[in-house]
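Over in TrEMBL, the protein carries these features:
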- 1-23: signal peptide (SIGNAL)
- 247-395: domain 'GAIN-B' (DOMAIN)
- 398-420: transmembrane segment (TRANSMEM)
- 399-654: domain 'G-protein coupled receptors family 2 profile 2' (DOMAIN)
- 441-461: transmembrane segment (TRANSMEM)
- 481-504: transmembrane segment (TRANSMEM)
- 511-536: transmembrane segment (TRANSMEM)
- 556-580: transmembrane segment (TRANSMEM)
- 601-624: transmembrane segment (TRANSMEM)
- 630-653: transmembrane segment (TRANSMEM)
Amino acid sequence: MKSQATMICYLMLFLVTEYSCYASKIHIKDGDKLQRPEGKPKTGRIQEKCHGPCITSSNCSQLCAQHFRGEIGFVCNQNKWQKSTETCTSLSVETLFEDSNSASRLSVAAPSIPLRILDFRAPEPIKSVAQGIRRNCPLDYACITDVVKSSEATAGNIAFIVELLRNISTDLSDNVTREKMKSYSKVANHVLDTAAISNWAFIPYKNASSDLLQSVNFFARQLHIHTESENIVDELFIQTKGFHINHNTTQKSFNFSMSMSNSTESILGIIEIPKEELWNLPPNTSQAISIAFPTLGAILKEAHSHNVSLPRPVNGLVLSVILPERLKQILLTFEKINKSRNARAQCVGWHSRKRKWDESVCKTTLDVRNKVKCRCNYTNVVMSFSILMSPKSIDNKVLDYITCIGLSISILSLILCLIIEATVWSRVVVTEISYMRHVCIVNIAVSLLIANVWFIIASNFNKKPQDYNWCVAVTFLSHFFYLSLFFWMLFKALLIMYGILVIFRRMIKSRLMVIGFAIGYGCPLIISVTTVAITMPRKGYVRPDACWLNWDNSKALLAFVIPALVIVAVNLVVVLVVAFNTQRPSIGSSKSQDVAIIMRISKNVAILTPLLGLTWGFGIATLIEGTSLIFHIIFALLNAFQGFFILLFGTIMDHKIRDALRMRMSSLKGRSRVAENASLSPTNGSKLMNR
């Protein structure tokens with residue numbers, strides 16, 4: 001009797017359990033989505049503002065809506081509360097496997113199992129994701145995909161899913177099959193959806209996007225490909241492909257065509273493994289895997305991105321590649337998202353340790369309106385690539401023509417200027433001030449001439465990895481001589497101030513020469529050498545795409561911009577002082593005298609503007625994003641033709657030089673006439689006949 005009573009109790013308990021689970025199944029079916037106590041909230045359940053007084057820079061927090069854990073942070077901006085962070089999550093390790101536990105209990109209570117082994121105790125709690133997956137779905141991870149896909153993509157849930165994927169990559173990547181990769185990608189696809197992009201900005205942990213990319217790449221590295229070519233994953237926002245390769249394989253490529261949203265419009269991406277790289281592989285078969293992300297570029301946040309003055313939006317797919325270690329280079333083709341005429345591109349690779357885009361690993365080989373081609377170096381820390389859009393690039397052939405023609409005329413003008421100075425030197429350097437004035441003109445012309453020559457060499461320099469040291473040398477020389485140009489202009493401005501302010505006491509010529517050369521060449525040398533010493537250990541002196549000072553990585557360009565702008569500002573003050581001293585008002589002056597004063601001031605300003613480098617001040621306008629093309633054209637005209645302006649205003653318009661040239665020409669004509677008369681004289685003729 002006791003055993004029968006025990007069996008009846010077990011049977012009743014079984015029926016109650018089965019009924020409760022059946023009711024749960026009906027509830028899921030009616031809702032069309034997987035529901036649980038912390039189920040997917042409806043839109044508008046999360047608070048969007050604080051109710052307290054809004055004072056600028058103040059902040060507050062609110063608890064999340066019902067069924068969510070966490071809180072929402074707000075900051076007061078312009079008297080309005082704006083959401084800054086959010087940790088609202090409905091997911092947890094327990095909710096991931098809640099239905100799996102119920103299913104396992106049902107299976108234990110199957111009729112075919114003897115009642116004596118039934119155990120209706122509560123299941124052992126799951127302490128980690130890895131433990132839950134090993135227990136409930138070790139073959140394909142399918143037990144977590146429905147739960148994740150049914151959750152709302154709040155910032156808190158996104159952060160939880162990123163951590164979930166990271167844990168799977170760390171603890172469950174020992175034997176990655178195609179089925180596991182598919183389930184893994186479905187989870188990642190949920191947080192890469194275009195509808196979730198805006199919520200990434202509210203995750204307090206700013207490296208979440210980088211962790212996601214690194215986790216996916218690490219997990220895919222452990223994937224084993226069984227057939228010759230496989231389309232492994234084909235989700236809307238993540239695709240994975242792979243194939244076998246060896247040293248006999250011909251050139252292979254991955255081709256992706258993915259939509260940026262749920263629309264039909266798609267963009268293309270191609271990864272090619274060059275044939276010469278495949279020759280480096282051993283005879284045994286290796287594998288190559290590639291992953292494409294259409295929306296990840298909008299999510300990836302660079303570490304210390306606040307130091308970047310201008311935003312660098314991604315303008316194509318993000319393509320990851322997992323290759324054998326012997327392969328070092330790949331070719332990539334990206335279709336641009338923004339296909340406007342001014343949308344220039346920069347090929348980059350994502351450095352997983354620095355958590356930022358690295359321009360030094362890629363070289364742009366083609367940049368047209370629709371697509372970009374890149375040659376990139378592949379390493380274990382740089383295995384994801386894309387293209388960045390430059391927001392301030394100007395793609396206009398007019399600027400190229402102006403620069404080319406202007407520099408040619410400028411170089412010829414500077415050579416002519418030096419020839420004229422050499423011709424009239426002894427006639428024009430009669431005082432200390434005039435001597436130093438012409439020393440300044442000569443050194444300004446020499447510095448600009450050499451700088452222009454090195455600029456032309458740098459612009460035509462085919463920068464390859466093996467030519468990096470040459471590129472550094474060319475950039476250093478351009479940097480040094482352009483700085484010398486500005487510092488000699490500064491010395492000339494100081495010399496003008498010295499002539500205006502110091503009247504009764506004059507400095508000897510040798511001392512002026514020492515000061516001039518110390519300023520003109522000493523200061524530029526110190527700045528240039530210091531810049532190289534600071535930036536070269538991190539290879540941050542030159543740009544990855546051109547032989548000129550780097551900006552994005554090391555801000556080496558500031559070593560040219562700051563001295564140049566400071567000198568332009570000082571020289572502008574000097575021009576204003578000269579204009580003020582030129583004006584000599586007198587009592588009862590006539591209108592003609594006023595006009596003469598205005599003309600004299602205008603002439604001095606026109607002469608001093610190119611000689612003191614004030615035209616470089618227009619470069620400030622070109623640094624502002626969205627500046628009209630006309631400012632770029634004006635800047636190119638004024639500075640490409642600077643050598644011609646120096647010849648015109650510094651040499652030809654100087655009446656002393658013109659007088660010296662006339663005297664020189666007269667003396668040459670006089671000598672030629674004397675020689676001609678001497679050759680035609682009878683005495684000279686008889687001598688010739690006697691010979």
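Positions of Cβ are set from backbone N, Cα and C atoms, glycine also.
These numbers come from a predicted model, not from an experiment.
Using a Cβ-Cβ cut-off under 8 Å and counting only residues 6 or more beyond its ends in the same chain, the transmembrane segment (481-504) has close neighbours at 433, 436-437, 440-441, 443-444, 447-448, 450-451, 454, 512, 515-516, 519-521, 523-524, 527-528, 560, 563-564, 567-568, 570-571, 574, 577-578, 581, 608, 611-613, 616. Per DSSP, the secondary structure of the domain 'GAIN-B' (247-395) breaks down as 10 helix, 68 strand, 71 coil. Per-residue confidence over the domain 'G-protein coupled receptors family 2 profile 2' (399-654) averages 81 (mean pLDDT, predicted model).
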